[in-house]
C-alpha cells in the first residue's frame with residue numbers, strides 16, 4: 001500500500017472534483033471573449049488554422065425574436081403598370097392615407113406577350129406630324145440642286161436605257177393577291193398595303209395581305225363591295241391580326257399600327273358623319289365635295305365601312321400631313337400613297353432613290369449649323385421642293401429601276417463585281433461613295449457624256465429620216 005502524503009491527497013481530491021458532472025440550473029451563458037482566457041486557451045488560439053471558431057448559442061428560454069429578410073416576391077406592387085412604366089405621379093392635395101405602393105416601379109418583365117390585345121381606348125402619345133419638316137420647303141434652302149435641267153437630263157438618259165415612263169390616267173383596280181405600294185383606288189387600302197410593304201420584300205407583304213383577306217374576308221355587298229372588311233380587322237383581338245400577317249415580318253408592330261389606323265379612321269368617319277348631317281357642320285374639304293359624294297360618305301359611316309377617301313378633297317400637303325399623323329406612317333409611305341393613289345405629284349424616296357440622289361449630288365454632302373443631317377426624310381423634303389412636278393413620277397420610277405439593275409449603281413456592287421465594265425449611262429453625272437465603288441475618273445465621266453450625246457444625235461437623225469419618208 002503506497003504511503004499517503006499531503007501532496008498525493010490533494011491531487012486525488014482535485015481529480016475527483018473534475019470527474020464529477022456539474023448540475024446546472026440553467027444553460028451556461030455565452031462566454032465573454034473580452035475576458036482573459038487560461039494559459040492553455042491563449043496558447044491554442046495562437047496556432048492558426050487549428051481551432052474551430054465557436055458560434056455563440058442562443059439561450060433556449062430567450063424571448064428575443066430572430067429578424068427575417070423580406071422575400072423577393074414582396075418587391076414591387078402587382079398593380080404596377082407593365083414594362084417598367086411605373087404608375088401615375090401623385091397628385092398634390094391627395095390624402096396621406098392613399099396607397100403609396102402604387103407609386104413603386106415594377107420590375108421589367110422578361111418577355112412581353114406578342115398577343116397582347118390592343119385597347120382602342122388607350123391613346124399613344126401623338127407623333128410629330130411632319131417629322132420636323134415643312135411640306136414644300138427645303139431643309140437646305142441654300143443648296144440649289146437639282147435644277148430643272150438636271151432633272152430633265154436624268155429622265156431623258158434613263159428612259160433611253162430602261163424605257164419610257166407613262167403616268168397612268170386611272171388607278172388600277174385592287175388585287176387581293178398583291179399588296180403593292182399604294183396603287184389602288186381606296187386611300188385606306190393604299191395606306192395599309194403600303195404599311196405592310198415597309199421593311200420587307202414584295203413577296204412577304206403580299207403574303208401578309210393575303211393573310212388578312214383569308215382571315216377577315218371581303219365585303220360581299222353594299223358600298224365597299226370587294227374591299228377587305230376593315231371594320232372586322234379593327235374589332236378583332238390583336239393576336240388574330242398578328243397571326244394573319246405573321247408571315248410578312250414585323251407582325252407585332254404592324255398589327256398594332258394597322259388596328260390603331262383603323263380605329264382613328266373609324267372615329268374620324270363618325271365625326272365627319274355627324275358634321276355632314278348637321279346644318280352647321282363643315283368638315284375639312286366639304287366645300288369641294290359634291291352632294292352625291294357627301295351622301296355616300298354618310299352611308300359608309302352608317303354601315304361602318306371605314307374609309308379615308310375624303311383625303312382626295314384636301315391639298316397634297318394637307319393630305320400628306322394627315323397621313324403622317326397615323327402610327328407607323330412616315331414620309332415615304334405618305335408620299336407613295338399621294339403619288340400612286342391620290343395621283344398627286346410627290347417625290348417618294350426609298351433606299352434606291354436616296355442612294356442615287358447622293359450619287360448625283362442632289363443633296364449636300366455636309367450641312368450647315370442648325371440644318372438637319374441628310375437622310376431619307378430630308379432628301380424627300382428637299383427634292384420634293386426642288387424637282388418640277390412633271391418629273392416627280394418618272395424620276396421616282398426610273399431611279400428605283402436603275403438602282404436595282406445598274407451594275408455600278410446597285411448597293412452591293414464594286415469595281416470587282418460582274419458586269420462592272422458595262423458601265424453606267426449616267427456615269428458622267430454621278431460621284432459614287434464607298435470604298436468598293438472606286439469613284440469615277442474625269443476621263444470616264446467625259447466618255448460617258450460623249451456616249452450620251454452620240455445617242456441623242458442618233459435619235460435626232462432617225463427622227464429626221466422618218467419625217468423625210470413621210
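Any Cβ shown, glycine's included, is placed from N, Cα and C.
Positions annotated as compositional bias 'Polar residues' by TrEMBL: 1-27.
Sequence annotations record features per position, and here TrEMBL assigns region 'Disordered' to 1-134 (among others).
The compositional bias 'Basic and acidic residues' feature in TrEMBL is assigned to 111-124 (among others).
The domain 'HhH-GPD' annotation in TrEMBL covers 196-405.
Sequence annotations record features per position, and here TrEMBL assigns region 'Disordered' to 269-299 (among others).
Per TrEMBL, the feature compositional bias 'Basic and acidic residues' maps to 285-299 (among others). For the compositional bias 'Basic and acidic residues' (285-299), the list of distant contacts is 223, 269, 272-273, 275-277, 307, 309-310, 312-314: same-chain residues at least six beyond its ends, Cβ to Cβ under 8 Å.
Annotated region 'Disordered' per TrEMBL: 431-470 (among others), in sequence order.
According to TrEMBL, the feature compositional bias 'Acidic residues' maps to 453-470.
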(message) What does the DSSP secondary structure composition of the compositional bias 'Basic and acidic residues' (285-299) look like, as residue counts for helix, strand and coil?
(response) 12 helix, 0 strand, 3 coil
(request) Pop the mean pLDDT for the domain 'HhH-GPD' (196-405) in here, whole number is fine. (result) 93
